[in-house]
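Colleague: What follows is a single structure, and I will ask about it in a moment.
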Amino acid sequence: MSDENNNGRNSAPGGRQPLTLKPRAAGSVSSGTVKQSFSHGRTKTVVVETKRARTHAPAGGNLAAPSAAERRVFEPQKPAGPAQAPRAPQGAGDGLSAEERAARQRAIELARQQEADRRAREERARAEAEAARAAQQKAAQAAAEPPAAPPPAPAAPPAAAAPAAPAAEAAPAPKPAPSPRPVPPSAPAPQAARPAAEAPPRQAGAGQTRTYQPSPDRRDDRPSTTTYRPERPSNRFDTSTFNQRAPRRDDDRGPRPPRRDDDRGPRRDDRPQGARPEGGGTVRYSALAPRPAPGGPRGPGGPRGPGGPRIGAAAPPATPEIQRAARQAPRPGMGVDRRPDEDDRRRDPGKAISRAKGAPNRREGRLTIQAVAGDADGAERMRSLASVRRAREREREKRKGGAQEQARVAREVVIPDVITVGELANRMATRGVEVIKFLMRQGVMLKINDVIDNDTAELVATEFGHTVKRVSEADVEEGFIGAEDVDDHLLPRPPVVAVMGHVDHGKTSLLDALRSTDVVSGEHGGITQHIGAYQVRLADGQRVTFLDTPGHAAFSAMRMRGANVTDIVILVVAADDGVMPQTVEAIQHAKAAGAPIIVAINKIDKPDADPTRVINELLQHEIVVESLGGETQAVEVSATQKMGLDDLIENILLQAEVLDLKANPDRTADGSVIEAKLDKGRGAVATVLVKRGTLKRGDIVVAGSSWGRVRALLNERGEQLQEATPSTPVEILGLDGTPDPGEPFAVVENEARARELTEYRQRVKREKAGAPVASASLADMMAKLADKKVSELPVIIKADVQGSAEAIVGSLDKLATDEVRARIILSGAGAINESDVLLAKGAGAPILGFNVRASKQARDLAEREGVEIRYYAIIYDLIDDIKGVLSGMLAPIQRETFLGNAEVLQAFDITKVGRVAGCRVTEGVVRKGARVRIVREDVVILELGVLKTLKRFKDEVNEVQAGQECGMAFEGFQDIKAGDVIECFNLEEVKRSL
């Protein structure tokens, strides 16, 4: 991944001067370049500088020059061999001092000598290796004489002991070799000694202080240990260098004791002592320049440096393969593990590796960890940290005497309606495999992504020792309607009164008399087809809210909604008609809602009025008035003559006082939707009744599956209001759709909450609409499919208000039979538009408009596409038309009419005619062209179809009366026997109606 070239020059890309460490003292900073390789062949060269520790002179003054003995001990040992003439120093134009040039010259000479020695060793045969080592040991023992001088003080490295001039290097002298450990004798092999030039120390000039380079680290003088501790893998890009330690000061502690190389073996972490790279740069090893192998030939140097003895018995055990592969760079003050299988073509660790272009050992190809470790084929793959931890945990459990099962932590697991196995395992903090195993033991084969229901999930969580909290999507509805109010916050509110009864009994006329209005004259057909809400202010200032409900049978849902939101029900019964079916239905709705009933006997001004009959008929439905000892109030009124209205209002107020109606106006509003419609100019308009709280402009309202911000509040007279208090009916504008009548509405805190509620309700509505309708039984469904097909009449219904559309749909559903039914493609409130016409064309359905009209564009499109649009103002007419169409779709009934019987006396075979039956008519008449069947022993054998041949004697006749004989021939049936009975009959088709 990186190349390094430490040549002492700044080589920033682009010719710019790189960032450098300041101040830059001579010899204190070494710079180099690192070439980084990335994927897709991209590379980048960066400049790296290494700052070495600077030495400081003692406070006493100049340091004394080292003696000759000191120089002999601390001079770097060079391999024995013929001395080579030193090169002439380079000119001063290279920017180097004399000491640096001398150090560079020595490093180059040493590298050349080591290269020559390596090539010589490669050429020697394996048989001469032991002899060469024995000769080397013998020569080392001869030169191991201890020096006569006392132990020397720390001496400068080779770079500090450079000569002042090339002429001072003329006197070569052999270096003292360290004392090696004894080895078995072997065949001696002569080896020429290689003398090395030694230069006298440089003399300091007048007024100058001679500075020494840092001495080798003496921490390695501690006794070695055989305890093996695996090292942490070091970074191969570690830029730490050797010998970065200040020289030892000459103080009162005396001279440094001599090295103890003779009485101990080399340690694993011994540092190299060979020549350093130029400028003291970082020593790096790579796959092309690896560390020397243990036990192999070494370069010149001390016991731990190049050329020193091999590691003896005191060395620690071999480092594991994984750790050797991970350790890429030397650590300060420590040696480097060496692989025994590495060849001896290793350079001196102290020599800087050249990265010049065209080098013979230049790295090629992709750089990998295996290539850096030197064993690209056999290196083991590094284990992950989690794998190592698990292995250590298993080892620890084995030492403890077996694995101990970890205690499970009980948690509260939240389980929705449906959940996957993987999600359940995550919530229980358990592996998914454990959950799958448990389910397999229960006989359930599931995968990690399979979905299970909440009951199964609860069983699994309980089995694993957790507590379960079940949640559902319906929980979003919680808190929609606020909590109950405290009694201290309640204030009196107006009563809500619903007027109910049979059609044409005078409900709307009674309300007109109370409100002094004329609503009846504006209604189509004189009947109420919408539910109306009005608030009447009485003479004493009190207010009463009235709900006018339709009396037609189709508006049963409207009457039920009116009874559910009301406080008091006024049951209007005509004195001349008495109790009718819708009157009974209104009584049932009032009882179901638990609302008290006030009976208003209307039309008492008519001549045939009989209030007593009405009271007696109500007894059959458990309505006992006060005159008969009951609790139900009864008032005789006349809406047209305005008779008894004051008594009716007095009874309403009395009943409201008994009920003690109260509400809290200082809270968010909620209530019920009474009616909804789609207005062309105002959009969706909903009529609501506030039950609690105060509804204000700007509130965010959720009603059913619709929501919106209230843009306007309108009363029944079209006046705008700023707020609506409890028991006030108002129209609200601003909803995004028309809610269903009867849906509760409430004010929510923000739009996010409103969207959450409406999206859930819309999703539930879609699921219900898409769910198939369950049949009574599988047998019935199969019978319908096999015997006959249900005929459907597709229709599209558009009404002025949502309640009317709902009533029409309910009425058409009641017309359905096993053979025909009306299929509602679309129903809603609003005018007929182009989208409705296109939908009707695609479905082949007519459009039924109730109190609405189609726009001009929709009419033109319907004429072009051939779509039928029918308009209705009265619900009776619409239902009757649809009933007639459905009746025409019914298959006619075939009615059988008996004509007569004829007994077969004898059967004859006639040529070209076949078998002919001679018969006598025993009953009725036998006619030609009628249908006949063969009856044998009172069992119908065959339906023969139409009788085509009937003869009396030899003449063709149309009919034969009873008591006469005739002959009959049948095509396709020749098995006529004497004694058979031929039954003659006719089939008639009769139309049916619903």
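Every residue gets a Cβ built from N, Cα and C, even glycine.
The following feature annotations were taken from Swiss-Prot:
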REGION    1-405  region 'Disordered'
COMPBIAS  76-91  compositional bias 'Low complexity'
COMPBIAS  98-131  compositional bias 'Basic and acidic residues'
COMPBIAS  132-146  compositional bias 'Low complexity'
COMPBIAS  147-157  compositional bias 'Pro residues'
COMPBIAS  158-172  compositional bias 'Low complexity'
COMPBIAS  173-188  compositional bias 'Pro residues'
COMPBIAS  189-204  compositional bias 'Low complexity'
COMPBIAS  216-235  compositional bias 'Basic and acidic residues'
COMPBIAS  247-273  compositional bias 'Basic and acidic residues'
COMPBIAS  298-310  compositional bias 'Gly residues'
COMPBIAS  336-350  compositional bias 'Basic and acidic residues'
COMPBIAS  390-402  compositional bias 'Basic and acidic residues'
BINDING   501-508, 548-552, 602-605  GTP binding site
REGION    526-530  region 'G2'
REGION    548-551  region 'G3'
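How buried are the listed features, and what sits near them?
Modeller: If you draw a 10 Å sphere around the CB of GLY501 (GTP binding site), it holds 28 other CB atoms from the protein chains shown.
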Colleague: Would you pick out, from the binding-site residues LYS507, ILE604, the residue whose Cβ has the largest number of other Cβ atoms within 10 Å?
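Modeller: Per the Cβ count within 10 Å, the most buried is LYS507.
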Colleague: Identify, among the binding-site residues ASP504, THR549, the residue whose Cβ has the fewest other Cβ atoms within 10 Å in this structure.
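Modeller: Across ASP504, THR549, these binding-site residues, the one with fewest Cβ atoms within 10 Å is ASP504.
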Colleague: What does the DSSP secondary structure composition of the compositional bias 'Low complexity' (132-146) look like, as residue counts for helix, strand and coil?
Modeller: 11 helix, 0 strand, 4 coil
Colleague: Treating G and I as helix alongside H, and B as strand alongside E, what does DSSP give for the compositional bias 'Basic and acidic residues' (390-402) in helix, strand and coil?
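Modeller: The counts are 11 helix, 0 strand, 2 coil.
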Colleague: Once the DSSP letters are reduced so that anything not helix or strand counts as coil, what is ASP504 (GTP binding site)?
Modeller: coil
